[in-house]
Amino acid sequence: MSSLRFLDLVKPFVPFLPEVQQPETKIPFNQKLMWTGLTLLIFLVMSQMPLYGIVSSDTSDPLYWLRMMMASNRGTLMELGITPIISSGMVFQLLAGTHMIDVNLDLKADRELYQTAQKLFAVILSIGTATVYVFTGLYGPPSDLGAGIVFLLILQLVVAGMIVILLDELLQKGYGLGSGISLFIATNICESIMWKAFSPTSINTGRGPEYEGAVIALFHLLMTWDNKQRALYEAFYRQNLPNIMNLLATLVVFAAVIYLQGFRVEIPVKSSRQRGARGSYPIRLFYTSNMPIMLQSALSSNVFLISQMLYSRFSENLLVRLFGVWEAKEGTAQLSAVSGLVYYMSPPLNFKDALLDPIHTAVYIAYMLTACAVFSKTWIEVSGSSPRDVAKQLKDQGLVMAGHREQSMYKELKRIIPTAAAFGGACIGALSVASDLMGALGSGTGTLLAVTIIYGYFEIAAKEGDLQGMKGMIMG
């Protein structure tokens with residue numbers, strides 16, 4: 001009699017979980033574009049649809065640091081964003097990668113149970129997170145809202161979370177391009193960047209009305225100010241609002257990431273089954289893609305959240321103050337760290353602040369580079385892309401490294417892959433730091449995530465066969 005596995009506990013829930021059926025035939029590229037566009041439209045509508053029953057508040061957002069990375073929008077149906085999906089996915093990938101759960105992803109039955117377990121855990125996280133948000137007073141004191149509104153708020157968040165899970169599954173199963181997670185993150189970040197560049201919203205800063213969008217502000221200042229030189233300077237360097245230098249910095253980061261995406265080490269391989277058949281196995285500079293910055297951002301965001309919650313309740317406690325002291329930014333209700341451990345984990349506000357506090361800048365750079373390098377090296381072990389995994393994949397395909405026997409192939413890959421992962425992770429961290437210091441729109445982390453995801457989508461589209469000519473033209 002075989003022992004009961006963890007995944008077997010999921011079987012009773014399979015009939016009750018909604019599921020997107022696997023397509024019976026290959027979906028044409030144009031239909032994939034249509035489904036991807038429809039998914040995106042639903043996400044955008046949900047991002048703007050306010051929750052019914054909330055008490056509006058201009059107080060500091062304790063989840064501010066997580067919003068962009070988690071495709072979340074405060075006070076809307078997309079309040080939870082992709083948090084339940086990404087948290088569930090990372091937990092199960094960690095459990096499978098460290099063999100804490102018994103699963104063979106080569107078997108269809110195990111693969112389906114594994115995906116169902118991920119979905120079930122994401123639903124549980126949605127219910128738990130929604131309940132915590134409502135009962136901790138994020139939308140107003142529960143006693144003021146009443147039992148009916150409290151239940152309605154939780155229901156709205158859980159149903160919206162379920163829709164997001166199904167939209168992600170729709171794309172993952174081949175009806176669309178890529179995954180819902182990547183699509184929603186990139187859309188959220190690009191929407192933020194475009195808004196900061198072209199927003200027509202007028203803000204009174206004490207010097208008269210100014211437009212929030214950097215490009216709109218440039219034309220407005222040139223048309224309304226007599227001194228054109230001063231108008232240009234103001235448009236390029238104005239404080240507390242997006243400026244042209246921020247926009248140019250964003251474009252520089254976009255170009256740098258796309259350029260570095262092309263860096264790779266080509267490992268020559270040959271077939272052990274067909275004489276004369278040769279090829280190459282590419283090891284990219286960004287071997288783990290954007291995972292290091294996502295994991296680092298998730299770590300920092302959660303540390304910031306805990307510190308902010310502790311400081312709001314125990315602001316006089318010495319240990320809490322050593323952890324982090326929070327004060328409101330000038331002209332906003334949003335809190336930012338001004339001292340303590342979390343201050344050194346957060347980026348300088350701008351290049352001037354970086355020069356004025358070199359210790360903060362040095363510690364932040366060291367933290368970013370180290371965290372991204374460590375996360376990148378760790379991720380290859382749990383994601384099925386370690387030297388041992390790659391050696392097994394090559395062996396299964398009947399390939400060996402040119403000049404190496406099967407037995408020595410693992411040693412050579414062990415010399416190359418961890419180094420590439422750590423160096424690539426550090427490069428991602430360095431780009432994020434540079435992006436933050438230059439003041440790129442949408443934060444350094446957000447800009448990097450957007451570029452790597454968009455580049456990934458471009459590659460997916462190219463693989464579909466419709467954009468091969470375009471790719472060749474752009475890549476030269």
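From the backbone N, Cα and C atoms, a Cβ is placed for every residue, glycine too.
Summarising the annotation, Swiss-Prot assigns topological domain 'Cytoplasmic' to 1-33 (among others). Across the topological domain 'Cytoplasmic' (1-33), DSSP assigns 15 helix, 0 strand, 18 coil.
The transmembrane segment annotation in Swiss-Prot covers 34-54 (among others). Listed by sequence, the residues of this chain that lie at least six past the ends of the transmembrane segment (34-54) yet keep a Cβ under 8 A from its Cβ atoms are 27, 71, 73, 75-79, 139-140, 145, 149, 152-153, 156-157, 160, 163-164, 167, 170-171, 175-178, 180, 183-184, 187-188, 191.
Under the heading topological domain 'Lumenal', Swiss-Prot lists 55-76 (among others), citing sequence analysis as support.
With a threshold of 8 Å between CB atoms, the same-chain residues lying at least 6 positions outside the transmembrane segment (77-97) that come near it are 43, 46-47, 49, 51, 66-67, 70-71, 103, 105, 114, 117-119, 121-123, 125-126, 129-130, 133, 156-157, 160-161, 164-165, 168, 180-181, 184-185, 188, 381-384. Under the heading transmembrane segment, Swiss-Prot lists 77-97 (among others).
Summarising the annotation, Swiss-Prot assigns topological domain 'Cytoplasmic' to 98-119 (among others). According to DSSP, the secondary structure content of the topological domain 'Cytoplasmic' (98-119) in residues is 12 helix, 0 strand, 10 coil.
Taken from Swiss-Prot, the feature transmembrane segment applies to 120-140 (among others).
The topological domain 'Lumenal' annotation in Swiss-Prot covers 141-146 (among others). Helix, strand and coil residue tallies for the topological domain 'Lumenal' (141-146), in that order: 4 helix, 0 strand, 2 coil [DSSP].
Annotation comment: Swiss-Prot describes 147-167 (among others) as transmembrane segment.
The topological domain 'Cytoplasmic' annotation in Swiss-Prot covers 168-246 (among others), and the record cites sequence analysis as its basis.
Annotation source Swiss-Prot lists transmembrane segment at 247-267 (among others).
Per Swiss-Prot, topological domain 'Lumenal' is recorded for 268-361 (among others). In terms of DSSP secondary structure, the topological domain 'Lumenal' (268-361) contains 44 helix, 20 strand, 30 coil.
Residues 93-94, 96-98, 287-288, 291-293, 295-296, 299, 344-348, 417-418, 421-426, 428-430, 432-433 of the same chain lie 6 or more positions beyond the ends of the transmembrane segment (362-382) yet place their CB under 8 Å from a CB of it. Taken from Swiss-Prot, the feature transmembrane segment covers 362-382 (among others), and the record attributes it to sequence analysis.
Mean pLDDT of the predicted structure over the topological domain 'Cytoplasmic' (383-415): 80. Marked as topological domain 'Cytoplasmic' by Swiss-Prot on the basis of sequence analysis: 383-415 (among others).
Beyond the ends of the transmembrane segment (416-434), by six or more residues, the same chain brings 253, 256-257, 260, 265, 267, 283-288, 290, 292-293, 296, 347, 364-365, 368-377, 379-380, 385-387, 390, 444-445, 448 to within a C-beta distance below 8 angstroms of the stretch. Annotation source Swiss-Prot lists transmembrane segment at 416-434 (among others), citing sequence analysis.
Across the topological domain 'Lumenal' (435-440), DSSP assigns 4 helix, 0 strand, 2 coil. Summarising the annotation, Swiss-Prot assigns topological domain 'Lumenal' to 435-440 (among others) and lists sequence analysis as the type of evidence.
Distant neighbours of the transmembrane segment (441-458): 68-69, 177-178, 182-183, 185-186, 189-190, 192-193, 196-197, 214, 242, 246-247, 249-250, 253-254, 257-258, 261, 286, 289-290, 293-294, 296-297, 347, 428, 431-435, 467, 471; these residues of the same chain sit at least 6 beyond its ends, with a Cβ under 8 Å from one of its Cβ atoms. Residues annotated as transmembrane segment in Swiss-Prot, with sequence analysis given as evidence: 441-458 (among others).
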Any residues 6+ beyond the ends of the topological domain 'Cytoplasmic' (98-119) with a Cβ under 8 Å from its own?
5-8, 10-11, 13-14, 17, 88-89, 92, 165, 169, 382
With the cut-off at Cβ under 8 Å and a gap of six or more residues from its ends, the chain residues touching the topological domain 'Lumenal' (435-440) are 243, 245-246, 249-250, 252-253, 347-348, 350-351, 354, 361, 447-448
Residues of the same chain, at least six outside the topological domain 'Lumenal' (141-146), with any C-beta under 8 angstroms of its C-beta?
53, 55, 134-135, 153
